[in-house]
Amino acid sequence: MVAFGKYLQRKQIEEWSGYYINYKLMKKKVKQYAEQIQGGSQHPRHVLKDFSRMLDTQIETTVLFMLEQQGLLSGRLAKLRESHDAILEQPDISRIFELREAYRDVGRDLLQLLKFVELNAIGLRKILKKFDKRFGYRFADYYVKTRANHPYSQLQQVFKHVGVGAVVGAISRNLHELQENEGSFYSIYDQPVLPAQDPVVEAINNAVDKLTFSTNFLNFLAQHALIMQDDLVTPSEDTIDERSYHFNSLLLNLGNTFLYMVNTYIIVPTADDYSMSLGAAATVCGVVIGSMAVAQVFSSVYFSAWSNKSYFKPLVFSSIALFIGNLMYALAYDANSIALLLLGRVCCGLGSARAVNRRYISDCVPLRIRMQASAGFVSASALGMACGPALAGLLQIKFKFYKFTFNQSTLPGWVMAVAWLFYLVWLCISFREPLRDTEDGEKNNRNETTSATDRVESSRVEEGLRLPLLITSGIKPEDEEECDESEESPEDSHKPANSFIEAYRLLTPSVKVQLLIYFMLKYSMEILLSESSVITSYYFSWTTSSVAIFLACLGLTVLPINILVGSYISNMFEDRQILLTSEIIVFLGILFSFNLFVPYTVPQYVISGLIMFVAAEVLEGVNLSLLSRVMSSRLSKGTYNGGLLSTEAGTLARVVADATITLGGYLGRGHLLNATLLPSLVICIGSIVATCCTYNSLY
């Protein structure tokens with residue numbers, strides 16, 4: 001394995017050698033800084049300032065050269081435009097062919113320029129990582145965040161690709177006008193659907209997509225969903241995804257997500273009344289609600305494994321299981337059977353296909369809209385969480401048809417059974433099973449049209465542009481792996497985990513802490529939501545409609561909070577700062593929820609619950625955002641992937657929380673609130689301590 005400095009020297013274009021980032025110089029400078037700080041001759045703040053100035057100068061040199069080369073390419077395009085206009089007056093097939101090749105030559109030179117940008121991005125990322133490792137300071141986060149959105153920063157040129165977009169647009173439009181028309185010319189703007197593009201243009205677009213990494217709201221939501229993305233996927237594979245992508249299938253996948261979340265929370269306002277009507281205690285609602293989560297612990301694993309072979313069959317099974325489960329839930333009232341009630345909820349949990357929902361977006365949605373699809377996943381979950389209790393509040397009617405009772409307790413089951421039946425019919429009619437790798441490969445071979453030169457050039461760029469600049473750890477491209485002895489071999493980095501034990505061994509200490517935080521916030525939220533009907537009826541005599549409105553209002557805060565965090569707060573503060581602050585606010589929300597010395601009031605319950613829930617939502621978004629960036633690449637695919645691990649952590653938290661509610665019921669309804677809040681407080685303190693211990697070195 002060679003050092004990155006030698007690797008950079010080997011890969012760089014000789015005539016551009018003076019404009020690459022001077023990695024060797026900065027590496028020596030980092031070593032020099034370490035010696036100076038250790039000897040006491042240099043203050044750390046001065047080191048940060050001096051190193052920032054050096055990086056600014058290096059990036060400025062690179063960016064100005066990139067702009068100069070873009071200007072040269074633009075000049076060549078302007079001259080080709082003159083020839084193009086002449087051909088319009090006197091069409092000639094041979095001249096059209098020559099002009100097309102000239103435009104492709106410009107495109108290939110642009111690919112070389114993108115390779116130049118990519119090499120410098122790798123160098124910058126590696127030197128920032130080396131600096132952080134040497135000094136134990138998250139300088140990379142500070143440097144990128146302060147430069148990425150500043151109007152005078154040269155990093156803007158790398159992130160925005162304004163000049164590249166203009167050049168690509170000119171090449172695309174002119175090639176389309178000339179391609180296979182033989183004297184007949186049509187405007188690219190006259191076609192509502194973008195036509196098949198020239199292979200060179202596709203290679204450029206794929207290269208730019210791989211290099212771009214924005215920090216906007218959609219990206220935040222995508223990371224919130226924890227859709228694990230394998231950065232080693234090549235642009236050519238993304239093209240296959242483009243061919244096999246089916247919009248209606250994506251809608252059905254998101255529809256499953258929405259309906260499942262509605263199914264989860266629609267029973268929360270009435271679970272205590274239903275339990276008492278069957279002769280059980282009100283606190284048995286914890287078991288009723290939690291039984292679905294217990295089954296989900298197991299269903300997540302087999303659904304994740306099933307999605308390796310099919311997506312349609314797991315979704316069909318999910319729909320059938322949920323239809324049967326809701327039917328059993330509704331019939332338990334007339335059967336006067338608490339066992340049938342619990343069995344129905346277990347059956348619903350066995351139909352939890354959230355692992356399939358995540359996997360479908362990760363594997364079957366093209367890269368260009370994967371971020372939007374991931375944001376849709378989060379939005380569908382949030383909307384379902386709000387609609388569930390709201391729908392329960394509307395079902396306040398009672399009647400009997402034949403031998404079946406329809407009331408506020410059974411109607412959630414009947415309504416969801418009908419909803420899943422309609423969904424199943426829609427699924428069977430509209431869903432299209434995506435092509436698997438073998439089918440994609442055969443189709444690719446049949447439709448291979450790219451020239452040998454284009455394939456070589458595009459593969460070189462694709463090989464280099466696998467990682468965005470902002471990712472500072474985790475996945476690395478194959479060539480970059482050569483440059484660091486501490487990295488996994490290419491074979492190991494591609495191999496998915498084959499068991500929970502192997503997946504656990506791939507977790508770094510920081511990831512384990514983040515999973516603990518995820519467990520804590522899901523536990524606290526489940527305690528608040530699941531016991532709300534019992535607590536409010538005991539202390540405030542709330543009706544089912546009042547509980548439903550309260551829970552629906554909590555659910556409606558999810559998207560606005562994510563917009564606020566993703567668009568504003570995350571751009572103003574470091575993720576670790578938001579993480580620790582949110583944990584402290586969750587702690588305060590739990591603390592203020594206790595019923596200690598004064599009579600318990602509605603404002604105390606509502607305000608403390610709102611503070612805890614909103615802070616937990618902020619914490620969840622930031623925590624999963626960090627998880628999506630630092631998890632091993634081996635957890636981006638296979639059965640035991642990162643999405644499954646996070647799902648299992650959250651589901652286990654819900655199971656434990658619901659069990660806590662039921663056990664706390666043995667102390668009496670008057671002691672239930674404090675008995676369930678105490679474990680939440682202890683777990684929250686533990687997560688804060690763990691975060692503080694790893695704050696400087698791991699985040």
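For all residues, glycine too, the Cβ spot is worked out from N, Cα and C.
Automated prediction, rather than curation, is the source of TrEMBL annotations.
Noted in TrEMBL for the protein shown:
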- 2-145: domain 'SPX' (DOMAIN)
- 250-268: transmembrane segment (TRANSMEM)
- 280-303: transmembrane segment (TRANSMEM)
- 315-332: transmembrane segment (TRANSMEM)
- 338-356: transmembrane segment (TRANSMEM)
- 377-399: transmembrane segment (TRANSMEM)
- 411-429: transmembrane segment (TRANSMEM)
- 439-460: region 'Disordered' (REGION)
- 546-566: transmembrane segment (TRANSMEM)
- 578-598: transmembrane segment (TRANSMEM)
- 604-627: transmembrane segment (TRANSMEM)
- 677-698: transmembrane segment (TRANSMEM)
- Query: Are there 3 or more C-beta pairs under 8 Å linking the transmembrane segment (338-356) with the transmembrane segment (250-268), counting only pairs at least 6 apart in sequence?
  - Reply: yes
- Integer mean pLDDT for the domain 'SPX' (2-145): 80
- Item | Among 377-399, 546-566, 677-698, stretch most in contact with the transmembrane segment (578-598) (C-beta, under 8 angstroms) | 677-698
- Cβ-Cβ under 8 Å with the transmembrane segment (604-627): same-chain residues at least 6 beyond its ends: 220-221, 223-226, 510-511, 514-515, 517-518, 521-522, 524-525, 528, 532, 535-536, 539-540, 550, 554, 557-558, 561-562, 565-566, 569-570, 575, 578-579, 582-583, 585-586, 588-590, 592-593, 642, 646, 699
- Note on the structure: Same-chain residues at least 6 beyond the ends of the transmembrane segment (280-303) with a Cβ under 8 Å from one of its Cβ atoms are 264, 267-268, 271-274, 314, 318, 338, 341-342, 345-356, 530-531, 533-534, 537, 639, 644, 647-648, 651-652, 654-655, 657-662, 664-666, 669, 672
- Sequence-remote partners of the transmembrane segment (546-566) [C-beta within less than 8 Å, at least six residues beyond its ends]: 216-221, 224, 265, 268-269, 378-379, 382-383, 385-390, 392-394, 529, 532-533, 536-537, 578, 606, 609-610, 613-614, 617-618, 621-622
